[in-house]
Amino acid sequence: MAKEKFNRTKPHVNIGTIGHVDHGKTTLSAAISAVLSLKGLAEMKDYDNIDNAPEEKERGITIATSHIEYETENRHYAHVDCPGHADYVKNMITGAAQMDGAILVVSAADGPMPQTREHILLSRQVGVPHIVVFLNKQDMVDDQELLELVEVEVRELLSAYEFPGDDTPIVAGSALKALEEAKAGSVGEWGEKVLKLMAEVDAYIPTPVRDTEKSFLMPVEDVFSIAGRGTVVTGRIERGMVKVGDEVEIVGIRATQKTTVTGVEMFRKELDKGEAGDNVGVLLRGTKKEEVERGMVLCKPGSITPHKKFEGEIYVLSKEEGGRHTPFFTNYRPQFYVRTTDVTGSITLPEGVEMVMPGDNVKITVELINSIALELGTKFAIREGGRTVGAGVVSNIIE
């Protein structure tokens, strides 16, 4: 029987493996692809193939990330795995690989470790909405009570960071044993546990809302005035869609303005509607060119509001990555590059943190000199004289 061809009709979900170093994240990633390949739903990827992650640049930061893809009966998955702890931190903060959910890998033989805690905290801060747990290395634990103890610890840890610890699916197994079985050509008892894990992922991690179904938002890149037609604002639609007759708000920098869309164009052609991912020009009724500038956003009324004070989780580039060579302190005033513009802001460090060294990640409070459209999960770069020195994500809006 010929293998089914790739089916675009299955819903697409982005996930990744997280957890402490050497607990088996990469082995599990390899095992999932191997077990599903026996069902004609994936291409088998070797451990080394995943572990030698190519380096990618995201906002001027080099991150090593491996991407694999596979399907279950119900879904198509893109799965990311990072080789080093620092790569996870960078990946989650820059949103290089946006995750709809994560598989937390915990070694049943060791229990939760410092990076287990840190990855759960990061998931909470950067907005990874759902976590499913795989207790790995079950073959190395003879005592059932020990296994149950680790499970309780993991649930308590999840609850401590406001994940529903009691309701989180936890599947025990051995990624290595499943991988060995699959390489020998069969789905055995360990492979079944990997399939059980994927069934839990299918059921527990909801299908994400597609970008086109979200509230319309377009960062303003440029503004022109066209004689006889009015003001055209150009940019790439970040989410949602826009069509002639829609009411929109212009948010950020100055007081929020309301207006109506009188035209949507792409490459000088009229469009019925523009949607997420399109680079468009939007004609606005009665808006003057000088009332709109780069750094504002066009959006569905009421969907996003302007703010100037927020908390963020940031990663500070190391010297080797082209970042600062020296630490910074409270009252450091860099530029925050959000969507299309730089806004100066001052940083306050958390109590007990004297300074931040290049290569650190830390939670900060920022006060900008102008209000701009912000919400939980908004990504930003931190720049100094045009070069990127850090990256971050908004974790809490203060005012």
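Any Cβ shown, glycine's included, is placed from N, Cα and C.
Lifted from Swiss-Prot, the feature list:
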DOMAIN    10-209  domain 'tr-type G'
BINDING   19-26, 81-85, 136-139  GTP binding site
BINDING   T26  Mg(2+) binding site
REGION    81-84  region 'G3'
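Counting only same-chain residues at least 6 apart in sequence, those with a Cβ under 8 Å from the Cβ of C82 (GTP binding site) are G16, A53, I63, A64, T65, S66, Y88, N91.
Here the region 'G3' (81-84) has long-range neighbours at 16-17, 21, 25-26, 29, 50-51, 53, 63-66, 68, 91, meaning same-chain residues at least 6 beyond its ends whose C-beta is under 8 angstroms from one of its own. Counting residues per DSSP class in helix, strand and coil order gives 0 helix, 1 strand, 3 coil for the region 'G3' (81-84).
Once Cβ contacts within 10 Å are tallied over all protein chains shown, the binding-site residues K25, H85 are led by K25. Taken residue by residue with DSSP, D22 (GTP binding site) is part of neither helix nor strand, so it is coil.
Taking the Cα atom of each, Q138 (GTP binding site) and the residue listed as 'Mg(2+) binding site' are about 16 angstrom apart. Sequence-distant neighbours of T26 (Mg(2+) binding site) (same chain, six or more apart, CB under 8 Å from its CB) are T17, Y47, I50, D51, S66, D81, P83, listed in sequence order. D22 (GTP binding site): 12 other CB atoms within 10 A of its CB, across all protein chains.
In terms of local Cβ density within 10 Å, G19 ranks first among the binding-site residues G19, Q138.
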